[in-house]
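The following features are taken from TrEMBL:
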type    : residues                                                               : note
DOMAIN  : B:5-193                                                                : domain 'CobQ/CobB/MinD/ParA nucleotide binding'
BINDING : B:LYS11, B:GLY12, B:GLY13, B:VAL14, B:GLY15, B:LYS16, B:THR17, B:THR18 : ATP binding site
Amino acid sequence: MASIWLLQLPSLPFQHRVFSNGTSFLLHRRHCLSQRLNWIPLTPNRTFFMRAVNGPMSSEEDNCAHNEVVDRAKSTLVVDSRHPLALFQESIASFPPAVFLMKIFPRNYFTVGLCITIAIMVVALRAYAERKPSQSHPGSVADLVRRGQLRPDRRGVSRPLNYDDPFNNPLVKVGKSNSTVEMCGKQYRLAPVNLTKEQQAVHQKRRSRAYQWKRTTVFLKEGDSIPADVDPDAIRWIPANHPFATTASDIDEDLVQNNVYQQCGVPFRIQAEHDALQRKLEALQKEEKLNNLLIDSRNAKDFQRPFKLNDWSEDPVEQGPINNSRVETKPTKTGHASDSIESDTSSEEMKQP
Amino acid sequence: MPRVVVITSGKGGVGKTTTTANVGLSLARLGFFVVAIDADVGLRNLDLLLGLENRVNYTVIEIETPHRIRLKALVWLVDALKARDERSPDFILIDCPAGIDAGLITAITPAKEAVLVTTLEITSLRDADRVTGLLECDGIRDIKMIVNRVRTDMIKGEDMMSVLNVQEMLGLPLLGVIPEDSEVIRSTNRGYPLVLHKPPALAGLAFEQAAWRLVEQYSMKAVMAEEEPKNRGFFSFFGG
């Protein structure tokens with residue numbers, strides 16, 4: 001249960017008035033540590049009053065002051081503690097910030113509740129706005145993308161950036177003191193670059209001493225003699241059995257240089273492969289046509305005269321000549337040969353009683 | 001006249017192709033005409049990062065096979081681009097293969113500037129130093145550095161060198177510092193470069209800034225040293 005304490009300072013070097021509003025005490029005293037502080041519990045109240053008295057007090061005066069304060073405190077108690085609203089008010093009053101706010105807006109705790117409600121609504125609205133929609137509305141461009149009519153990445157390229165300078169970017173925020181930068185929500189500390197021109201020159205000299213290299217200008221096969229005006233460090237030797245060595249004499253450099261824009265058409269090698277594939281395809285197609293001309297056991301019904309079902313069941317031997325003809329005209333290919341073997345066995349089975 | 005820039009590193013897997021794709025796209029978004037060439041003839045990857053793997057018609061291998069021709073092919077190609085009757089490109093970016101053999105020599109031949117990509121590992125730094133020496137021997141003096149895959153948490157815990165340490169070791173001006181970002185892998189999987197993401201990723205913003213510094217031909221004056229906890233005000237839980 002909330003309670004209020006009365007602070008009684010028996011003696012102080014100087015007199016001053018202390019105001020208490022439930023949240024702060026302003027005490028300007030020099031000998032506070034040496035003073036005796038008496039805390040007197042009082043019944044719950046919204047306000048309490050404290051008075052500091054200078055100078056030593058007699059015990060009688062002290063008791064009088066004490067009683068006076070207690071009486072005043074009791075007399076200011078106007079709230080009925082039995083009422084539930086009063087209990088609610090007491091609980092609010094027990095928290096200093098609430099008491100502070102209630103002092104500013106007396107008897108208007110609805111304002112506090114309203115502010116809190118508005119804050120919660122703002123948070124909820126922001127979360128709702130940032131939430132990605134699970135499905136776009138029907139009939140949108142997203143349906144075209146889903147169906148494969150549109151490429152999804154094209155839509156991003158069509159809209160260029162709105163800023164000319166990548167550094168004048170709303171996503172890149174440099175701190176006021178130029179010591180921090182914020183990119184994509186992360187903050188980084190900046191450290192200055194301290195490479196000078198002299199240091200760069202030192203590194204270049206170091207590398208020129210460490211790495212000696214000359215560009216290859218002449219390619220020679222093994223066994224070739226070195227021309228007189230060529231630096232030996234600029235020669236690259238190609239082994240005699242290397243493909244690059246064998247085809248060196250077949251290349252017309254001028255033709256190759258002029259063919260950068262494919263002015264002479266498709267390269268020879270590609271054309272030759274294409275022609276070979278074309279010939280192979282034509283050969284395969286010819287073979288398929290030939291195969292389709294032969295009588296297939298599956299398609300034999302197309303060439304048979306229609307017969308009655310009774311004749312078929314009573315006299316199966318009559319099928320023999322037809323089966324024999326099928327056997328004689330069996331094709332050479334293995335696939336069809338297996339079919340003919342099957343037809344032979346079936347005809348033999350049919351001949352058996 | 002187009003600016004021919006080779007993007008190299010020496011060590012493989014440090015982010016040359018990623019840098020080429022993202023810086024090239026950033027330059028294109030800024031309105032420049034950019035041509036990106038993947039000089040890694042046998043193991044091309046630039047088309048994958050740009051999502052163009054199904055649109056490749058021919059490669060250099062199919063057109064000009066012999067080695068000595070391939071060496072000149074890139075030079076002829078760049079000369080042909082410079083001599084275009086229509087608008088010639090503003091930037092030609094050459095993605096160099098790893099190593100210091102014929103692939104590197106081919107790629108750096110037509111270049112006048114170089115961007116060296118490195119990470120905060122000693123192996124990458126040693127290779128980068130070697131490649132820088134070769135570039136300087138070949139006459140390329142305008143070399144700037146991009147430090148990739150930077151982890152500020154490891155730098156703070158002194159488990160990783162800082163960017164300033166790297167600059168002290170190599171002595172090269174800084175073009176950009178790219179923080180480690182998992183969006184890089186996702187963008188590679190999608191074939192959708194990082195700089196096109198909306199909202200922009202952290203690494204994407206860093207690539208954009210590096211592209212602008214390349215345009216303006218200046219280097220970084222301050223680097224992001226470490227991540228600091230953000231000061232949150234009283235109303236921060238409202239989203240402010």
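Using N, Cα and C of the backbone, Cβ positions are placed for all residues, glycine too.
All annotation found in TrEMBL is predicted automatically rather than curated by experts.
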Legend entry - Neighbourhood of B:LYS11 (ATP binding site), C-beta criterion under 8 angstroms, separation at least six: B:ALA98, B:THR118, B:THR123, B:SER124, B:ASP127, B:ALA128
Inset, instruction - Let me know the DSSP-derived helix, strand or coil state of B:THR17 (ATP binding site), please. - result: helix
Legend entry - Overall pLDDT for the domain 'CobQ/CobB/MinD/ParA nucleotide binding' (B:5-193), taken as the rounded mean: 88
Inset, instruction - List nothing but the one residue from B:GLY13, B:GLY15 whose Cβ has the fewest other Cβ atoms within 10 Å; the candidates are the binding-site residues. - result: B:GLY13
Inset, instruction - Taking the Cβ of B:LYS16 (ATP binding site) as the centre, count every other Cβ atom within 10 Å, in any protein chain shown. - result: 27
Legend entry - Cβ-centroid neighbours of ATP site B:LYS11, B:GLY12, B:GLY13, B:VAL14, B:GLY15, B:LYS16, B:THR17, B:THR18, 8 Å, sequence order: B:SER9, B:THR19, B:ALA98, B:VAL117, B:ASN148
Inset, instruction - Enumerate same-chain residues with a sequence separation of six or more from B:THR17 (ATP binding site) and a Cβ-Cβ distance below 8 A; give 'none' if the list is empty. - result: B:ASP38, B:ASN45, B:LEU46, B:LEU49, B:ASP95
Legend entry - Cβ neighbour count (within 10 Å, all chains shown) around B:THR18 (ATP binding site): 26
Inset, instruction - Might you list, by sequence position, any residue in that chain lying six or more from B:GLY12 (ATP binding site) with a Cβ less than 8 Å away from its Cβ? - result: B:ALA98, B:GLY99
